[in-house]
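To start, the structure under review is shown below, and the notes come after it.
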Amino acid sequence: RVLFRSGDQPADQPAERMQDISPEQNPLFHPDKRRCCPMPGCFAGPFCPCCPP
């Protein structure tokens, strides 16, 4: 779970909402690369797995 310092996250956007993001909504998502993200983008979060080398 990603922790936010107080003030980084609006009160109406709790951190739990981040877990609802699908890979398609990840800005680093590449639909033309077999539903994966090239490095280093795939290290930005658990929503977009690294593409195989």
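Including glycine, each Cβ sits where the backbone N, Cα and C put it.
Each of CYS37, CYS51 is a candidate, yet Swiss-Prot gives the disulfide link of CYS48 to CYS37.
With all protein chains in the displayed structure included, the most crowded Cβ environment within 10 Å among the disulfide-bonded residues CYS36, CYS48, CYS50, CYS51 is that of CYS48. Of all the disulfide-bonded residues given, namely CYS37, CYS42, the one with the smallest number of surrounding CB atoms inside 10 A is CYS42.
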